[in-house]
Structures are given as C-alpha cells and as structure tokens.
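*Asks:* Got a structure here, written out as structure tokens. Questions coming.
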C-alpha cells in the first residue's frame, strides 16, 4: 500500500491537497476528495489547466498533469477536515515526461546531471530563510498613489507609542535583535509553535531564534537534505510559518528588505557533494577543503552575477544587497568571515565540511536557486576554476582601490537578468535548464522589473515635489 493510501486509511482523510510550485516560486494547490485516490491515481495523475500559471502554457495547449509524489504525503496540521498534502511533478501529456518549465522537474534534472558527471551522486543543501513577523501591514499601489505602512508593537520606532494595556518597553533596537531573551524577544512562543508545526510535517528543527533586525526578524533552522527534498521543505517551511502567524493574528513576509535602515532577510545556502557516502568537499586545503570544493567555489564566483537572476530574483533583493547591513556583496570566499559571499563554516568533523553561499535570499524559487547553484559549482569543478586566495579580512572595510579588484554581486534585478541571459551556458548543460525556460523566465521577471522601475515612488515626492 502506498504511503498516501495508508495515511488516508489511518487518519480517515477526507481531502487531498495537490501542491506544486510556479516559476516565481509560489506554491499553488488544488484539492480533491480522498475517495478518488487509488493506485491508478499515482500512475496517471490529475489533469489541470496550465494556461493560468504565469510563464507556462498558452490557452491553445493548456492541458497538463499533476503527478503526485507519494513520498511527500503528509497530513496538513492547519485544516479542520483531515487533509493530506501531496507534492506533485508537472507532466507533459503528449510525452508523459516532466514539463520543461516545471521548477521541480528542473531540480530533478540537476540531481540526475550530477550523477551523470561522475563527480558525485548526492548534493546536500541547507538553506536558512529569514523572515519578519509583523502585527499588521497595509500597502497600496495604483494610479492615485502608493504607500506601505508596517505596524509592529515590538519595533524600535514604537518606544513612545500608546498601546492597549500600556507600553511595556522591552523591544530590540535597530540591528539589536540578535539575540536577547524574552521579553525583548517577543516572538519566542510563536516561533516555538511554528517549529511544532514543522516537526508535525516531517521537518527536523535544529534551532530557532530572533534575528538582527528590529520589528520581528526571525529564523528557524532545520536540518539539511538532498536538493529536491530540501526545496520541497523550504516550501513547507514557508507554509507553516505563514499559517501559524495567521493563527496568532500576525502576518509574515519573506521579502528580502521590508524595512529601510535595518538588516534584510537572507537565505544563506549550505552545500556539499557526496560520492559513495563520502563528503567530496573535505580535504587538506584551505579551511579543510578539497580541490573539488575550491573549484565548486570558483564556479559560483565566476557565475555569481548570472546566479543572481535565480538566487535574488526580485527588485527588492537589491535593496538588501548593499554594504552596511551584513549582506555580502563581494564575490569572495573565506573561513568563518561573514563579510564574504561564500563562507566555510567551522565544523567538528570532515563529514560535515561544506560551503555557505550568503548572497541568496528567500524570494528565490528554491528549486531554481538550488539547481542553478549546483550547476555553477559543477562547472567550476569540470573546468578546475580556482577561486584564488581567500579573503580573510573584513571586506566591508576595504579601501576603494582594494574593493574594486574583487567582483561584486549585481546591483539591480535588471543587471542580474542581463547577466543570466548572456551567461546561461553553464545552466543548459545536460538539458537541466532549457533555453526555452530561461527565455520565459527572463520575460516574466523583466515584466516585474519594468513595472517597479516605471512606477512613481513616494520618495520621489519627498525629493522632487517642490522643484
């Protein structure tokens, strides 16, 4: 009996929630009665209209198949009726193969490509998505004007505000949230509830804490996993965090830079490659790294700007990637140096040796970001791209003449998309990313970039209204 059918029977499940992720990284779903699930369901899947998903099919060829991945079946802890969540792959009906533009299919192809190279058989990923918990957010963007307003009782700007029950103080200042105990940490209980929900859904929580920024910046660390499974788990984490916050009457955002003047939210990504059960990144070189790991780093540095198109895919991403807010803008590597975009964390055992890319952020589609990072690293290994000397000094304090010698991440989404367009060759190896998908992705993200660039900004009224 399949895992899904067993859970349906054991928990008297009434509904099946089929999940998939669109190009922009947002999880989508459709729900069907559990009584319709049988063995044929896992062979033939469920038809749906793909024309309504941005960046996918036109209306003239819209039929697509949601093919359930039985291994992902898990009970939904947030529904009143017993509901089973199953993550799906998108299948092209004419070929019964994975749809070329399905992010999960791309991630699967990246895993298969790794095996085909002989470099390794398993890629491990450990992302750390940060997020803000707010009490309320209001925003508007239309022809009459635009605005946003954040309401957060624990925000540094509310030291003199009036609240029902009084203002008790005890709030983290700007860049002061890492990491005092309660009552300064207002979010301990809600984070614990989020962790309980994550554990219910099969994720292994390792740590949770308040992050650096005021107004409720937080992080929940969960254990690493293989590429596709970890991308699935990122989507599960976002689902849990959003829904627990909603149950508490709060609201969460994973956008990279919701606050001006304080730290943004990153998604540092830890990575390693194993072959025959051995960590290929462990060696006798710098910081205990092997040549394989150094070449992997070289590939990420070489393709860093093109990677930004997937790892930092929003206009808001580049408001985080600026000096002065603990966001790494220099494409350099170092042991334990958090100002470098690639860090080699200290570990107790060679089995845990890994690298950490610090420039990605949680607006990224995890399937695309992880696949792209792997492809960049593999290109570095295949071409023996050495990253040069490590940068063991504080890169934030470099004099201008030294800083200009170190490559930097992109400064805007427009630049990132241009770099992705011209530097795509490493991504299309082995048919992992197709030119068709990259073209469609560039078109989709360019629409966002143009809209933001041409929209009238409230700050422009401050600067120019009285000219």
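Even glycines carry a Cβ here, placed using N, Cα and C.
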*Asks:* Please state which member of 10, 43, 356, 401 Swiss-Prot lists alongside 128, 268 for binding Mg(2+) 1.
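*Replies:* So the Mg(2+) 1 site in Swiss-Prot includes 128, 268 plus, from the candidates 10, 43, 356, 401, 356.
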*Asks:* Taking every residue in the domain 'GS beta-grasp' (11-95), what is their average pLDDT?
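*Replies:* PLDDT averaged over the stretch: 92.
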*Asks:* Which of the binding-site residues listed here (219, 263, 356) have a Cα atom within 10 Å of the Cα of residue 272 (ATP binding site)?
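*Replies:* Qualifying among 219, 263, 356: 356.
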*Asks:* Listed binding-site residues are 130, 211, 356, 358; which of them have CA atoms within 10 A of the CA of residue 343 (ATP binding site)?
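*Replies:* Close binding-site residues: 356, 358.
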*Asks:* Using a 10 Å cut-off, grab the number of neighbouring Cβ atoms around the Cβ of residue 356 (Mg(2+) 1 binding site), all chains included.
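*Replies:* Here the count is 20.
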*Asks:* Write out how many residues of the domain 'GS beta-grasp' (11-95) are helix, how many strand and how many coil, based on DSSP.
*Replies:* 17 helix, 36 strand, 32 coil
